[in-house]
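What TrEMBL records for this protein:
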type    : residues                     : note
DOMAIN  : B:1-96                       : domain 'FAD-binding FR-type'
BINDING : B:ILE63, B:PHE64, B:GLN65    : FAD binding site
BINDING : B:CYS223, B:CYS226, B:CYS238 : [2Fe-2S] cluster binding site
Amino acid sequence: MEYVSPDVLAKEADELIKTIDPSALNPKSRRAIPLQEMPSQDPLVRRNNMEEVALGYTESQVKLEAMRCLQCKNAPCISGCPVSINIPGFIAAAAEGDFEKSIGIIKESSSLPAICGRVCPQETQCMATCTVGKAEKDVMRSVQIGRIERYVADWERENDKIQVPEVAPSTGKRVAIVGSGPSGLSAAFDLRKEGHDVTVYEAFHKNGGVTVYGIPEFRLPKKIVEIEIDTLVKMGVKIVTNFLVGKTRKLTDLLEKDGFDAVYIAAGAGLPKFMGIEGENLVGVFSANEYLTRSNLMKAYDTANSRTPIYHAKKVAIFGGGNVAMDAARTAKRIGAEEVHVVYRRTEAEMPARVEEVHHAKEEGIIFDFLTNPVKILGDENGRVKGIECLKYELGEPDDSGRRRPVPIEGSNFIIDLDACIPSLGNNANPILSNSTPDLEVNKWGNIVVDENNKTSIDRIYAGGDIVLGAATVILAMGQGRHAAESINKLLKA
Amino acid sequence: MNKIIRKIQLSDDVFQMEIEAPLIAEERKAGQFIILIVSEEFGERIPLTIAGADEEKGTITIIFQAVGDSTKELGKKSEGDYIDSLLGPLGKATHIVKYDKPVVCVGGGIGVAPLRPIVEAFKKAGNEVISIIGARNKDLLILEDEIRAYSDEVIICTDDGSYGRKDLVTAPLKEICESRDPAEVVAIGPPVMMKFCALTTKPYKVKTTVSLNTIMIDGTGMCGGCRVTVGDETKFVCVDGPEFDGHLVDFDNMINRLNTYKHQEEEHNCRIGLDSKGGEK
Ligand SMILES: Cc1cc2nc3c(=O)[nH]c(=O)nc-3n(C[C@H](O)[C@H](O)[C@H](O)COP(=O)(O)OP(=O)(O)OC[C@H]3O[C@@H](n4cnc5c(N)ncnc54)[C@H](O)[C@@H]3O)c2cc1C
Ligand SMILES: Cc1cc2nc3c(=O)[nH]c(=O)nc-3n(C[C@H](O)[C@H](O)[C@H](O)COP(=O)(O)OP(=O)(O)OC[C@H]3O[C@@H](n4cnc5c(N)ncnc54)[C@H](O)[C@@H]3O)c2cc1C
Ligand code: SF4
Ligand code: FES
């Protein structure tokens, strides 16, 4: 797809909307409205800054895109949304230009729409089931539900319309939440609304979990996360940073010594996976978590101010094909790498990353080496990375998941010269809590085991999000936070 | 925000600080560390060992050497000032046991600070403790009295002979291995010193524990930046350590990794702030 400038997109939409009579729209004329592309920063410019890549729709664009929705009676899109947002409802309000009503409808089900509108993998959730996409036989041509969501959430924030929800009179009950990522924050929101005294404990010095230390500024500005958290603070949620539950305080001591009535664990995944290949501890090999934390949380890209250094390499390889890999690759480019490769052992079709991010990465000049996998990292005489040895792969028979399995081609070894690599294979469960809490049941991957109410093996302790699901998504983590909050509410009322 | 209650300058660039941190003071054990940020906005996360704590007063003590930007900034703070962030206690506690044979505690330079609570813990467990502490010269030697208070015997080495023996700490260590058959050696100091202590004890098959000071970010196992090769395995110093079997640690790899940013090119090759063609804006 050719890059089209925001001005052109805006102008086209402004002209088109004048020709449309909303009251006369029928399914056929709705389908005739062209899909609205997301305006974005010029790829050649944005490679040199950390600012947000996607700029957001204009008012005409959001209305036009909302008019593409057929307002299906059975609303298949809702079933694709992990938190069942009333999608046709908020889209209809957006089409009418009633953005206040629109954001109100979303907020009945989700408390972080400005975040979800930016990072949810819509193409595998709401958009996957949308009637428009089905009719066009292309999920990417579905109604752009996330972009509309983002618009109304931004509208609310930019127009100072964010309302601090009412909090019920104090119940006298106290709940501790471990971790300030999407899951912990959404649980805090729902629990505080019911009038409980809520304290969130966060190990880092900043709140937000992966949304602040992992997902880069150019995809999700930190300011947006801060404002969402501000609302929680205004509701009376207490947030304590620099507090590692399991170390600063034992998990069960929160109940036994500190008098909390219930605990929700939302500690995220947070233990980087490595491949176990030779050379992984050479200088110049970084987990994506380390690389991204240096850049995002510690602002290492701001070399003039930040005290935290980041490794400068000319040629970098990222291993993996998910969002984490895309974020690491695009960050490396911005930090100054001349050539960035994403090495992935399957093909583009199997890549788990969001389609939009892959598209953006390509526009920014990231090189994709598909059907390729590193077998060894090579070092120079000083113990620094100088290259990787790879194997070529081909796709074999489908495995249990239905995906065709990548099979290595014997003897296809070849070498790529480079000076840094970033394994970005996702995260396992962090063992700090389970190691310090003998009674807490975890499965063989270290994830906390919960029942259908998100309750753990210990009374009054609940868990959810990535620490339960394994590395998942923002919206799934939030959904679990809400569900756990509901269970805790029941417990505290009983 | 944690308040600095007391500050003492131990030598030219070594400072001791007592900092308010009641929860950490209550939970911490010998061998554990904290991570602090001097000023949050752009600060670095720096790991420092907990050199002591007063549970009643709710304070912990750190002893640090002002070597780079962040530790120098910390050294400029005064009593009554605050530290933006303080996280801990991190890492595993030292495994303290009662042996029938002597325990040898070896500390080099600033490494004497993390060694101090370990000496104390071994002594309190009823062990015979022999301490060897070393520094480049007399002025750089720290905590001699504190180490003496919990040791049956103290051997002091300086590189220039300005105090104690003119030797590296490995010389008396070798003698003790030969004559006293120690049960365990704990060595903490610069990586090179720990490497040579481990090499010294190896022929005598004396269990040797070292405390590794790798580069760290989170200190909770999340970033993987602190990883070291121990035996054939990769370990995370912040959660699996900081103490490891010195005979299994790949010190050369660790020393290389510590120098990751040392050769960082001076030139500004970051793209941020450049125009679309890569020229300065
Ligand atoms: C680089 C990257 C990119 C991603 N991109 C996307 C995307 O585009 N779309 C999407 O939907 N998902 C994405 N994800 C996944 C998504 O971010 C996670 O699924 C989601 O953040 C999980 O939320 P959570 O609340 O369970 O945990 P987290 O966000 O991981 O938050 C957990 C928090 O708990 C804290 N903590 C951990 N242990 C303790 C403890 N013992 N005591 C106190 N605090 C503790 C941690 O410091 C952290 O702040 C991405 C993940 C990464 C790493
Ligand atoms: C678990 C742990 C416990 C520690 N305990 C203590 C302690 O009790 N007291 C203390 O003074 N330090 C301790 N350290 C080391 C301390 O964290 C570093 O000295 C500090 O981070 C340096 O920060 P800086 O930004 O001031 O210096 P930087 O700018 O990072 O470094 C400046 C110069 O110092 C050198 N340097 C950096 N780190 C080290 C190191 N670890 N050893 C030797 N030289 C180094 C660098 O190569 C560089 O030349 C500990 C480290 C770990 C991992
Ligand atoms: S399925 Fe698509 S077209 Fe139908 S209501 Fe949902 S968003 Fe609109
Ligand atoms: S410091 Fe990050 S994993 Fe140890």
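Cβ from N, Cα, C; glycine included.
Annotations in TrEMBL come from automatic prediction, not curation.
Proximity to chain A, taken as a Cβ less than 8 Å from one of its Cβ atoms, holds for B:CYS223 among the binding-site residues B:ILE63, B:PHE64, B:CYS223.
Contacts of B:PHE64 (FAD binding site) defined by a Cβ separation under 8 A and a same-chain sequence distance of 6+ are given as B:VAL14, B:PHE15, B:MET17, B:LEU48, B:THR71, B:LEU74, B:GLY75, B:ILE110, B:ALA113, in order along the sequence.
Shown are the binding-site residues B:ILE63, B:CYS223, B:CYS226, B:CYS238; of these, the residue with the fewest other Cβ atoms within 10 Å is B:ILE63. B:ILE63 (FAD binding site) sits 19 Å from B:CYS238 ([2Fe-2S] cluster binding site), taking the Cα positions as reference. B:CYS226 ([2Fe-2S] cluster binding site) sits 20 Å from B:GLN65 (FAD binding site), counting Cα to Cα.
If you measure from the Cα atom of B:GLN65 (FAD binding site) to that of B:CYS238 ([2Fe-2S] cluster binding site), you get 20 Å. Residue density at B:GLN65 (FAD binding site): 21 other Cβ atoms are found within 10 A of its Cβ, drawing on all protein chains shown.
Under DSSP, residues within the domain 'FAD-binding FR-type' (B:1-96) fall into helix, strand and coil as 13 helix, 44 strand, 39 coil.
Highlighted here would be the binding-site residues (B:CYS223, B:CYS226, B:CYS238) whose C-beta falls below 6 Å from ligand 2, but none qualifies. For the recorded site, B:CYS238 ([2Fe-2S] cluster binding site), the DSSP three-state label reads helix.
Surrounding the centroid of the Cβ atoms of B:ILE63, B:PHE64, B:GLN65, where the record places FAD, the chain contributes additional residues within 8 Å, namely B:LEU10, B:VAL14, B:PHE15, B:GLN16, B:LEU48, B:ILE62, B:ALA66, B:THR71, B:ILE110, B:ALA113. B:CYS223 ([2Fe-2S] cluster binding site) falls outside any helix or strand according to DSSP and counts as coil.
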